[in-house]
Amino acid sequence: ELGWISKVYVNRPAVVRHAEQIKKWKTVKGNWQAAWLLKAVTCIDLTTLSGDDTPSNVQRLCFKAKHPIREDLLKALDMHDKGITVGAVCVYPARVSDAVNTLKAAGCNIPVASVAAGFPSGQTPLESKLTEIRLAVEYGAREIDIVISRCLVLTGQWEGLYEEIRLCRAACGEAHMKTILATGELGSLANVYKASMIAMMAGSDFIKTSTGKEVENATFPVGIVMMRAIKEYYWQTGYKVGFKPAGGIRTAKEAITWLMLVKEELGVEWLTPELFRLGASSLLGDIEQQIFYHVTGSYALQHELAMA
């Protein structure tokens with residue numbers, strides 16, 4: 001439906017002004033903060049996307065995914081029996097089997113997500129992208145994070161973008177598909193809105209801000225624009241699409257702010273792992289540190305918390 005995006009106008013100064021106000025929001029304290037942080041943990045896609053990934057560090061990541069917060073800290077909060085785990089483990093396609101086998105051996109049902117479709121640049125032929133997606137699903141990935149071809153957005157080829165995402169959606173089969181827009185490389189907030197709409201029309205289960213490899217990753221202005229697109233799409237179709245900010249989210253305070261923003265823009269029904277994820281590799285460490293402080297009154301020493 002190109003009519004939905006033909007006259008899109010984004011008031012950038014207003015969006016930026018709103019984003020600046022968000023940064024000044026007062027954070028919650030005490031037990032409320034601990035509750036929000038545990039909610040954030042359940043929405044994390046715990047990620048390793050490094051060239052030196054090995055089976056052993058993927059195994060360690062999977063163990064941390066199953067036990068994101070130290071058991072004694074959860075007991076102190078009376079949350080040790082609530083089954084708190086991260087939302088998913090995210091790896092490259094070549095490491096999917098390692099993650100699937102490790103989680104299966106641990107008796108854990110955490111889904112494995114795989115980046116695909118020429119991640120992070122998207123500069124590979126469509127046939128290669130579709131083959132990579134099918135292989136990741138074959139290896140056991142239950143979620144696929146594809147990345148769009150930014151060229152199609154920058155040159156206004158909206159029907160071409162729709163068709164590419166649609167074919168990727170078909171290649172995913174029963175796996176959930178998160179579409180990475182790489183918003184830092186789209187040129188304008190209007191393009192972010194349009195790309196969000198096209199991605200949802202083509203069948204995306206989630207839209208995601210960034211690969212984490214761009215110069216500019218998850219920012220509040222693009223988050224606001226993407227969530228407004230999700231809301232508009234929901235009003236038009238009745239279908240809820242998830243939202244995933246990723247890249248550069250490293251502190252517990254930032255995680256809570258993103259949760260609060262989602263609650264404000266989309267409502268509490270979006271605050272579940274089914275509709276909201278945080279893409280992060282180092283965030284969990286700071287969250288666990290803050291929970292340690294909440295429970296004990298002091299910050300943990302380096303050796304007291306397992307590597308996240």
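Using N, Cα and C of the backbone, Cβ positions are placed for all residues, glycine too.
LYS208 (active site, schiff-base intermediate with acetaldehyde) is surrounded by 28 other CB atoms, counting those within 10 A of its CB over all protein chains shown. Marked as active site, schiff-base intermediate with acetaldehyde by TrEMBL: LYS208.
Counting every protein chain shown, the Cβ of LYS244 (active site, proton donor/acceptor) has 24 other Cβ atoms within 10 Å. Annotated active site, proton donor/acceptor per TrEMBL: LYS244, in sequence order.
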How many whole Å apart are the CA atoms of LYS208 (active site, schiff-base intermediate with acetaldehyde) and LYS244 (active site, proton donor/acceptor)? 5
